[in-house]
Amino acid sequence: MKSDIHPAYEETTVVCGCGNTFQTRSTKPGGRIVVEVCSQCHPFYTGKQKILDSGGRVARFEKRYGKRKVGADKAVSTGK
């Protein structure tokens, strides 16, 4: 194996936007990494996850514009 090809692997402090900090190891120089979210504040880990209802979007579209009727297709296609 070649020697001196790997970067230095040093102790690093990770600081989250919520104020949580923890220690890890990283090759990033400086010894400090700042992140926006961590496992203490991310919605997936905290259980405050918002579930998107795509079926509700279809129902809302049909409510606004109605379902398309078969007779309407023929009138549009022969309207030259």
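Counting starts with 1 at the first residue shown.
Even glycines carry a Cβ here, placed using N, Cα and C.
Listed in Swiss-Prot for this protein:
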BINDING   C16, C18, C38, C41  Zn(2+) binding site
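All features noted in Swiss-Prot, drawn onto the structure.
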residue: C16; record: Zn(2+) binding site; CB count, 10 Å: 18
residue: C18; record: Zn(2+) binding site; CB count, 10 Å: 13
residue: C38; record: Zn(2+) binding site; CB count, 10 Å: 17
residue: C41; record: Zn(2+) binding site; CB count, 10 Å: 16
Notebook entry, point to check: According to DSSP, which of helix, strand or coil covers C16 (Zn(2+) binding site)?
Noted result: strand
Notebook entry, point to check: What other residues of the same chain, not counting C16, C18, C38, C41, have a CB atom within 8 A of the CB centroid of the Zn(2+) site?
Noted result: G17, G19, N20, V35, E36, V37, S39, Q40, H42
